[in-house]
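Have a look at the structure below before the remarks.
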Amino acid sequence: MAWRVRHRSRTICLSLVFITIFIHLLLAFVSLSIPRLPCDSPLPPGTRAFRDLARFNHTSDGIKRLAEPPTGILEGDARGHRETVVDKELPARGGMMAGIRQHGANQTERLESDLLKLKALFDHPLYNIPTPSIPEDDWLLKVKPKAKESERSSLMWSVVSASQEGYDEVQWNSSSESHPPWLRFHLGITRWELYPQHDPKMELLTQQIATQRIVSAVQKSGGTQLKLVMSFPNYGQALFKPMKQEREEETNYNLYYFSDFERHNAEIAAFHLDRILGYRRVPPAVGRLVDVVKEIKDITTDRKLAKTFFTSPVGNVCFYGQCSYYCSTEHAVCGRPLNLEASLAVMLPDLSLAPRRSWRSPWRRSYSRSKLAKWETEPNYCSTIKKTAPYNKGTRLVDFMDMVILDFLMSNMDRHHYETFEKFGNSTSLLHLDNGRAFGRHSKDEPSILVPLQQCCRIRRSTWLRLRLLSLPQYHISDVMRASLSTDPLHKVAPLLTEPHLAALSRRLKTVLDTVSLCQKQQKETGRESVFYDDLDSLEK
């Protein structure tokens, strides 16, 4: 009996096993016979395009290519993906790239056109007026005649250079070919200009200032803001002004003119504008990227300067020096992380060799928040100035007007003094120095800068003719200024003046021309002295 029960139980278990296996096989067969459908719902129109855009690489390198398709994708799907990108995305991307290329091509073409305008300007007769040979007394410096044997040792530069660590050992003599560019520049200064219009040495001079090794960096004493004196192996020196403000920034409207920053690009732009105006009274200035550690901190012998170096929270090396304004940790100048933009202006001859006299400007501002200067309250103020030496004779008054026009064009309100070389007395041109506060605002002109011209109605005829020339399309001041600035090394980093600043030059030039035209009209009505000082013997108006 027990055996039968066990036999029946075994039979039932085996039956259940066979039934289970059969059911699984049946389910497997049914499932294989049903068509497969995608689990995801169909993508709405345009979704695939957005998904492809998400795969686009937006890095600087990605502008040139698409990101690779996901790994493991089937060849057919990959082909379909590429076709989708080519068919739908590349036209838009191609249009963007074409636009970028077209913009770059337009910029290059425009710059080439501007450079041709600049060349044509400097080839114009107004920039090539024949001049008599320069009298001996009109040279600022002279090469000393051949020295006696007993004096030769004290005059030989090689004796000095051999004892100076980091400087080149050189042999300079009376031949200009043996002189470095900065010394040729010093020896070329005359009564009426710092350098001639077509000076082949100028390019070599600026090139050396921008590239030569810096062997010394010390803070320049005096002044309201940070400045350094840089020395080079050939004994040349340049005045260093660091970048403190981005090119796109404008001066804060709430600041008074005497609280403004000094801008490195303003010093460079002032040199170029002064040359375009035909003055040549601003020392050559060039832009340079300076390593604040290797080219300042590590070589300076100025302990006070060295103590002001620190590293900012983001790892940039900064320093602030010592001066009257803006020399603190809050106004430090910083590398990025080491390189710092700066202007380097060639130093004029040492004061022991060529003393300079400082003159207080008759139209000096009050430098007060509440007090007005005398010229701001007296409309006939110039009548008094014309009777006062040195403005009562010679060219001093029209020399001053040249400087006024330069300052108005670049919106420099900080011309409280000017300098001349003592050797030439009152019969000499003015030195247009210290232009760091120029080009602060492009959206606003400062009419008060032009008051001396409005009150005196006196201008050089050659200056007037050149201003008219610069208003013509073929010599337009904005275009030739753009071209001239493009030759500076810092142009590769970014244009030294933004387009709004260049446009402001054109607007301000028109204001100057309108002012002179108004003076001409008043002269005809009143019969007073001519507006023009005739410095040209014969030239058509």
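Using the three backbone atoms N, Cα and C, a Cβ is placed for every residue, glycine included.
Taken verbatim from TrEMBL:
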- Asp414: active site (ACT_SITE)
- Gln225, Lys241, Glu262, Ala345, Val346, Met347, Leu348, Glu419, Asp434: ATP binding site (BINDING)
- Glu262, Asp434: Mn(2+) binding site (BINDING)
- 309-525: domain 'FAM20 C-terminal' (DOMAIN)
- 12-34: transmembrane segment (TRANSMEM)
For Asp414 (active site), the number of other Cβ atoms found within 10 Å of its own Cβ: 19
Most Cβ neighbours inside 10 Å, all chains, among the binding-site residues Val346, Leu348: Val346
Alpha-carbon distance [Asp434 (ATP binding site); Asp414 (active site)] in Å: 9
In the chain carrying Glu262 (ATP binding site), residues 6 or more apart in sequence that have Cβ under 8 angstroms from it: Gln225, Lys241, Lys244, Gly436, Arg437
Most crowded position, judged by CB atoms within 10 A, among Gln225, Asp434 as binding-site residues: Asp434
Cα-Cα distance maximum in Å, computed over every pair in Gln225, Lys241, Glu262, Ala345, Val346, Met347, Leu348, Glu419, Asp434 that the record assigns to ATP: 20
Model confidence over the domain 'FAM20 C-terminal' (309-525) (mean pLDDT, whole number): 95
